[in-house]
Amino acid sequence: MYALDFLFIAFVYFAACHIQEKPVRAQEVQLPPGQECQMTPVIHILKHRGCKPKAIPSFACIGKCTSYVQVSGSKIWQMERTCNCCQEAGEREATVVLYCPDAKNEERRFRKVSTKAPLECMCRPCGSIEESAIIPQEVAGYAEEGPLYNHFRKSF
């Protein structure tokens with residue numbers, strides 16, 4: 001009887017050691033076509049108090065990314081979590097002029113406002129992007145192409 005208990009305990013111990021040596025990876029789940037994270041053209045309505053709203057072409061990051069929770073391969077009493085979100089990988093800045101008819105001063109009838117658009121989109125760990133990741137469009141090579149050409153500033 002004790003020999004069977006010993007063999008069972010030894011089997012469980014060696015199985016646990018074997019599991020801990022092999023890293024366990026999450027199963028890749030393919031999203032249906034068209035649902036992956038991608039940069040999508042949108043119309044952005046810029047608003048400022050006292051000014052007329054202005055519609056401009058822009059981009060947004062839209063789509064789904066894989067997230068999961070599973071038992072840890074190295075610590076079977078713990079769970080591993082991975083959360084990915086469809087986010088921008090860098091940003092572009094633009095300055096747009098809005099017409100403000102209610103301004104008392106003639107000089108303030110046209111107000112410059114800044115806006116941002118993603119440079120590209122990708123699945124990244126959920127959280128906010130660092131301000132240092134913003135790349136001026138001249139560096140990114142977008143200064144002379146695309147629907148945003150007239151909206152983005154040409155020099156700093």
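Note that Cβ sites are derived from N, Cα and C of the backbone, with glycine treated the same way.
According to Swiss-Prot, the protein carries these features:
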DISULFID  CYS37-CYS86  disulfide bond
DISULFID  CYS51-CYS100  disulfide bond
DISULFID  CYS61-CYS121  disulfide bond
DISULFID  CYS65-CYS123  disulfide bond
DISULFID  CYS83-CYS126  disulfide bond
DOMAIN    37-127  domain 'CTCK'
SIGNAL    1-26  signal peptide
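For the domain 'CTCK' (37-127), the number of residues in each DSSP class (helix H, G, I; strand E, B; coil) is 4 helix, 55 strand, 32 coil.
Under 8 Å, Cβ to Cβ, and six or more positions away along its own chain, CYS121 (disulfide bond) finds CYS37, GLN38, MET39, CYS61, ILE62, GLY63, CYS86, GLN87, GLU88, ALA89. Considering only the disulfide-bonded residues CYS51, CYS65, CYS100, the residue whose Cα is spatially closest to the Cα of CYS126 (disulfide bond) is CYS65.
The closest partner of CYS123 (disulfide bond) among the disulfide-bonded residues, by CA position, is CYS83; the full candidate set was CYS51, CYS83, CYS100. There are 20 other CB atoms within 10 A of the CB of CYS61 (disulfide bond), with all protein chains counted. Ranking the disulfide-bonded residues CYS37, CYS100, CYS126 by how many Cβ atoms sit within 10 Å of each one's Cβ puts CYS37 at the top. In space, CYS65 is the closest of the disulfide-bonded residues CYS51, CYS65, CYS100 to CYS83 (disulfide bond), judged by Cα positions. Of all Cβ atoms in the protein chains displayed, 19 besides its own lie within 10 Å of the Cβ of CYS123 (disulfide bond).
Of all Cβ atoms in the shown protein chains, 12 besides its own fall within 10 Å of the Cβ of CYS83 (disulfide bond). If you measure from the Cα atom of CYS65 (disulfide bond) to that of CYS51 (disulfide bond), you get 38 Å.
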